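A.B. asks: Structure below; questions to follow.
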Amino acid sequence: MIQKVKIVYWSQLAAFIMWFGTAFLTYFIKNADDFPRTTEFTCLCIIIAVFCVVTLPFNKVRYYGPWLLALALITGGWEIVQAKWLLLPRPFFGAPQELLDVFITDWYRLLDSLLHSLTLLLGGYIFGCLIGFLIGIGMGWSLRFGYWAHPVLRFFGPLPPVAFLPLLFAVIPSSWLAGELLMAFAAAFPVAVLTWSGIAGVNPGYYDVARTMGASSSFLIRHVAIPAALPFVFVGMFMALGSCFYMLVVAEMLGVKAGLGFYMQWAQGWAAYPNMYAALIIMAVMCTSFMTLLFKIRNRLLRWQKESIKW
């Protein structure tokens, strides 16, 4: 353990040296082309280098010392290969300072695209999870409802939601509503199947004990079936969120004229590849943030299964 701590400690010091070295070569070695924001990128590297030193006493930050070092090596290599030697073809590959320039000059359009994507994603995901949750409860609790719903779910559920894209965009006048319905369909299927499985797998003895105490059917559903099925429900929500991320990009690229997917398509059409990479980074941060938030909620509600699923 002591040896591991020492390795992490020295890796963060090495990260400080590498980030400072990246700042030095960025500023003092001549660029192969007229790249913008070279001074600002130099300052950013110095700030990260100072951060590596200042946070040495903090164990949580020091744990990521190897990652800080790896990022410094990647950034420094990228700066040398592209900004100084221009080895990769442009405009497909830009320099690090070009990416920084996009965040500085086009932040308002990126922010607007992010807000549109968040609105579209949340609307479709929440609605789809709610519908899937209700269908799953009905199938797990009522044999009559399950008799009719099960064949429909087995027939339409495995279909990729993108297959409905031409139909929805032709029938529904609003491309925004069509995109939300696509994501709702993508979310509903896994949530319905996992909720159904969770409720169907509840120990019948729990119901018997509750009935002997005078519990009604609604009480059994709310206080016995749903709590026991929550681990399955969250697995379904995790799978649904991944499907919604996929459908979000497809909907924005093919129909919805707003959001990060639309921004990426616009950037690719104008050969503004640094803008496209900036949108990809923001989208990755958005997706991993939602996944992390979902698992934090799960771990708080299901404390007894906190470490059963890793993220």
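Placed from the backbone N, Cα and C atoms, the Cβ positions cover glycine too.
Values in this document were obtained by computation on a predicted structure and should not be read as measured data.
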A.B. asks: Which stretch does TrEMBL mark as transmembrane segment, out of 92-117, 118-143?
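C.D. replies: Feature transmembrane segment in TrEMBL: residues 118-143.
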A.B. asks: Residue list, the transmembrane segment (41-58) vs rest of chain: Cβ under 8 Å, 6 or more residues beyond ends.
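C.D. replies: Contacts with the transmembrane segment (41-58): 9, 12-13, 15-17, 19-20, 22-23, 26-27, 65, 68, 72, 75, 96-97, 100.
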